[in-house]
Amino acid sequence: MSATLDLARELIRRDSVTPRDEGCQALMIERLEAIGFKVEKMRHGDVDNFWARRGDAGPLFCFAGHTDVVPTGPLDKWDSPPFEPTVRNGLLYGRGAADMKASLAAFVTACERFVAEHPDHKGSLALLITSDEEGVAVDGTVKVVDALEARGETIDYCIVGEPTSEQRLGDTVKNGRRGSLSGRLVVHGIQGHIAYPQLAKNPIHLMAPALAELAATRWDEGNAFFPPTSWQVSNIQAGTGATNVIPGHCELLFNFRFSPESTAESLKERVYQILDKHGLGYELHWQLSGQPFITPPGALTDALSAAIAEVSGAKAELSTTGGTSDGRFIKRIARELVEFGPINATIHKLNECVEVADVEPLAAIYRRTLEGLLAKA
């Protein structure tokens, strides 16, 4: 029997579509309190969060993650019910299996085993858990971080249990993430009859040269840890649906994924310069979802990489690719932060799953990392 697999199945059984928790955190809290963790529940709005800590001394090691999952999609497209964990052909199926209930289970059993073997370990252990990561993420991890920051509590080492592995368990560790800056651009024209263009101003035509320049711009060159900043259009909307009407405005949604070689303000300024150069009448609204961050190789990456090599035999590659996570909030108070978890090939998909054979090794990697950083000599 596998204690980690059993707990993962219990977590998957709970229909915790964001922002609901549905009792996942209660399961974890019961196990953590039994090994000496002091738990603070921090509910905000419809979101359940908790901060659990064992010990008062430094250094502080934190596991961070989320109990919420994305919606299932069409139930009839699943081979088995998404909230009835099912093992088939060596795979554990269920919504959240990879993102990230296997990691949550592995956090708990890793702590249980580490504390049993090292009851007087150095420093402190903590878990920061939310049910608001897959949604709007305004009442979750960021609120807990605000509370910790307000009382001067900082984290030395943090592992966020996001599914980072690609081909085999342990092949990829995320030691940073790009920033995310989105924009909503509305270019104004004058609506009119398509047969009388001299009496109208077509905002699509007006925007096209600026759009071409934005798409061709090299924003920066990146650096040793990050690829160059990218700018991508996600949506363009204009027109009434009729073929004989020149639209009065055109709306464009776009996103920057940016390296630390650029700032949100520098990117905004360059966009304004391009739009103004083309003489557009426009409105532009911005949303900054996260700043870029990096954890250079150090004690945490060394301990985690050594644990991965010992348990799975993989050589971990440090990477900053991919989307944003709650690491963007935690890094404010964390000296060293990485993301590491199971294979991510099926996350957010129908028939989400993890390799059963990876579940206990994942817990072992987390435990070995703890030993590398907090076990007394």
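Every residue, even glycine, has its Cβ placed from backbone N, Cα and C.
The annotation in Swiss-Prot ties His66, Glu162 to Zn(2+) 1, and of the candidates under consideration, Asp46, Asp48, Asp99, Asp139, the one tied to the same site is Asp99. Annotated Zn(2+) 2 site Asp99, Glu134, His348; additional same-chain residues within 8 Å of its Cβ mean position, judged by their own Cβ, are Val69, Val70, Gly96, Met100, Ile347. Long-range Cβ neighbours of Glu133 (active site, proton acceptor) (same chain, at least 6 residues apart, Cβ-Cβ under 8 Å): Thr18, Gly65, His66, Asp68, Gly140, Thr141, Ser325, Asp326. Proximity of His348 (Zn(2+) 2 binding site) to non-local residues of its own chain (separation of 6 or more, Cβ distance below 8 Å) is seen for Val70, Asp99, given in sequence order. Minimal Cβ crowding within 10 Å, among the recorded positions Asp68, Asp99, Glu134, is found at Glu134.
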